[in-house]
Amino acid sequence: MTLTGFRHQPVMLREVLEWLDPKPGGTYVDCTLGGGGHALGVLERIGGRGLLVGIDRDADALAAAAFRLAGYGDGVRLVQADFRELAAVLRRLETGPVQGILYDLGVSSHQLDTASRGFGYQQDAPLDMRMDPGGGVTAADLVNRLPEDELSDLIKAYGEERWSRRIAAFIARERKREPILTTGRLAEVIKEAVPARARRTGPHPARRTFQALRIAVNDELGALKTSLHQAVDLLDAGGRVVVLSYHSLEDRLVKDTFREFAVHCKCPPGLPECRCGVVPRLDILTSRPRVPGEDEIAANPRARSAKLRAARKRADVLKDKGVK
């Protein structure tokens, strides 16, 4: 990889900065640093007295971001980690409460376009899909080892794929002949499994299955839920969390998590007064997700499915806990 050639076009940058609202001298965390496009926008707002913590599992992304953000010196701290380790990372850096946390979920353009990473179905490459190539199961492990019914359930749950049973059956048949070890071969098997009438319109027939495998390999939804819960604890009063998601599973999880922390009462209906003692911790800022404009989609088609949600830590939470 050449650092200057790392492809990164930040999605909805203007909207991210609007809802994150970085303040001079503040501390902000980019949990999915990528090439550093969003981080650069934040750094321009917070100035020399601020701090930007960038987290990413991908060593290539960290190297590219370090190159891009080098001019900000001690105002940038970059860490290779899974964002489910957010609390541990900030504790180690001794940042204290932070004023904003950003997530730009999913796979980056660089990862999709780098054939050797095995995320894409347009090129033939080893069937990998790990965000951190240093360890863990690969997509090939799942495709070749999972029982057919478990593979079908995985594709259905994480890919919302209508033809999951048929795809799993075709995969099980083909792997008996020879292990499926490349993205190209898996894409061909999926294409054969999906009926011709369903292939005539819409995205590539392999898209949903590849999404499902990637989510499973990296435990993306589990990591997101864990990290969002930590983010609520780590935010300062009035601090904001902004999330860009790219498919319905991510967006639903973000929406439900924000609602969980914004609820005023969990008592059963019918009680004359609240007895649960639940205190809302977030104010939801985006009643509906924000989406990219037509001009951005034309310039960057991969932004098409993006949805932005934002929430703010309530100031009265700290007062209720006796924090002055």
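Glycine is treated like the rest: Cβ placed from N, Cα and C.
According to Swiss-Prot, the protein carries these features:
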type: BINDING; residues: Gly36, Gly37, His38, Asp56, Phe83, Asp104, Gln111; note: S-adenosyl-L-methionine binding site
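Counting only same-chain residues six or more apart in sequence, the Cβ atoms lying under 8 angstroms from the Cβ of His38 (S-adenosyl-L-methionine binding site) belong to Pro10, Leu13, Val16, Asp30, Leu102, Asp104.
DSSP assigns Phe83 (S-adenosyl-L-methionine binding site) to a helix in the three-state reduction. Note on the binding-site residues Gly36, Gly37, Asp56, Phe83, Asp104: the fewest other CB atoms within 10 A surround the CB of Gly37. A strand conformation is recorded for Asp56 (S-adenosyl-L-methionine binding site) in the three-state DSSP classification. For the recorded site, Asp104 (S-adenosyl-L-methionine binding site), the DSSP three-state label reads strand.
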